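Engineer: Take this structure, written in structure tokens, and hold onto it; I'll ask about it next.
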């Protein structure tokens, strides 16, 4: 049995750490690592209340992240500076990458928004609306990197 208060605290700290640390990065791998730390917070906060939702979130995150890494690998991108110049070389892959990254950030109506929305709904059902607001605001940091 997991302590809900401790797990909620760790989840919020994970989302905050992943968001804040990702802001100052230029290397793609580090950005994706901090994004993963932030998404781990979303999964940790809901695992006690709805483990199936945690699995859905994990599967979608894995699928979206694998897509992003495959595109980065095919474009040979390691830093943000090379990503900015790749638009002219591979416009179709760059467009797919843009949409996939926006989905990873959780913007509606893209796929990555659904698990975050369901987690917010579940937290609200569990009378944890302030926690839902905090983790939602922390996810906004991911929009900047």
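Each Cβ is built from the backbone N, Cα and C atoms, and glycine gets one as well.
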Engineer: Need the matching range: TrEMBL marks transmembrane segment on one of 111-127, 128-144, and I'd like to know which.
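Structural biologist: It is 128-144 that TrEMBL describes as transmembrane segment.
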Engineer: Please give the sequence-distant neighbours of the transmembrane segment (31-50): residues at least 6 beyond its ends with Cβ less than 8 Å from one of its Cβ atoms.
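Structural biologist: Contacts of the transmembrane segment (31-50) (Cβ under 8 Å, skipping residues fewer than 6 from its ends): 2, 4, 7-8, 10-19, 21-22, 25, 57-58, 61, 65, 68-69, 80, 104, 115-116, 119, 122-123, 126, 131, 135, 138-139, 141-142, 145.
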